[in-house]
């Protein structure tokens, strides 16, 4: 990794030769560091809250296997994997949303608004209700296949000498409504106990997460997160419009297709474990864009950190505000995200 030696101004970041290359600034780097620190603090505080309170210092000790043995068990076996899963789910959904908004060039675009989340939900609900004995390791591939097939259908139906971004969103909303109806039918016709499990999952929850779920999600996040950074320059090109992007060296339809399925993979990974946690994919990229700007080399990691913070904070609130009830985290994200979506619609209408 190399950086330019200029003392002021933009910083050129290169990793692996020119595989990953983008401009950033010291201010953006500082913001990313601050977001990482906020996430770390949110994780430690979240782990501490529960039926048994563990203070931040004891949490830190317990993470490394030190201190009170009961604290070590509570932290390492129960709370830490749940918080890590929440952070991974938030990061995956946020990066998926950032990529989708970049491709569509529409701030209202996100996997849940466009129906991709509903497609992944159908596949995962089918696995849970129809094959209840299936391993949880089948959930990410199933979610990816469901999201990919939904995306392919939306892509084909919106194609007319290329993909019209507005048609992509409108058709996605319609396909999402159909997919949601299929999920509801699976819940109604499935066994009661299994249907209840699937229903809780559809609301968006990281309840019961274990190290098995961490191990299941981590490879997807690492691989697709790295690929998205490699393609960050391509997303920046697509922001210019198809003609200018092609003139800048982008193979527009190829790049758009690859990035779209990359967004699908990230959304599928998050949905397969956390369920349909609403509006994180919409909200986190907007927060990141306000903080760090619109260049995707910095926007993608900022979105991932913002999404992780949102889900971790929402989960600790869901766990503790209504004790002993464990409210699905998706209830809290939707409570914030839905009004924000309405605000964006109003703002879009006013500006037009």
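Cβ coordinates are placed from backbone N, Cα and C, and glycine is handled just like the others.
Pulled from TrEMBL:
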TRANSMEM  29-49  transmembrane segment
TRANSMEM  83-104  transmembrane segment
TRANSMEM  113-131  transmembrane segment
TRANSMEM  137-159  transmembrane segment
TRANSMEM  166-190  transmembrane segment
TRANSMEM  210-232  transmembrane segment
TRANSMEM  258-284  transmembrane segment
TRANSMEM  296-318  transmembrane segment
TRANSMEM  325-346  transmembrane segment
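With a cut-off of 8 Å on Cβ pairs spaced 6 or more residues apart, the transmembrane segment (258-284) and the transmembrane segment (29-49) reach fewer than 3 such pairs and are scored as not touching. In this chain, the transmembrane segment (137-159) touches the transmembrane segment (210-232); three or more CB pairs sit within less than 8 A of each other, excluding pairs fewer than 6 residues apart.
If one looks beyond the transmembrane segment (137-159) by at least 6 residues along the same chain, the residues whose Cβ comes under 8 Å of a Cβ in the stretch are 111, 114-124, 126-127, 131, 167-168, 171-172, 175-176, 179, 216-217, 220, 257, 260-261, 264-265, 267-269, 271-273. Remote same-chain partners of the transmembrane segment (325-346), defined as residues 6 or more beyond its termini with a Cβ less than 8 Å from a stretch Cβ, comprise 86, 107-108, 113, 200, 203-207, 274-280, 282-283, 286, 310-311, 314-315, 317-319. The stretches the transmembrane segment (29-49) and the transmembrane segment (296-318) are in mutual contact, each linked to the other by at least three Cβ pairs under 8 Å (pairs 6 or more apart in sequence).
Here the transmembrane segment (113-131) has Cβ contacts under 8 Å with residues 100, 104, 138-139, 142-147, 149-151, 154, 168-169, 172-177, 179-180, 182-183, 186-187, 189-191, 194-195, 197-198, 201-202, 263-264, 267-268, 271-272, 275-276, 281-282, 341 of the same chain, all six or more residues outside its ends.
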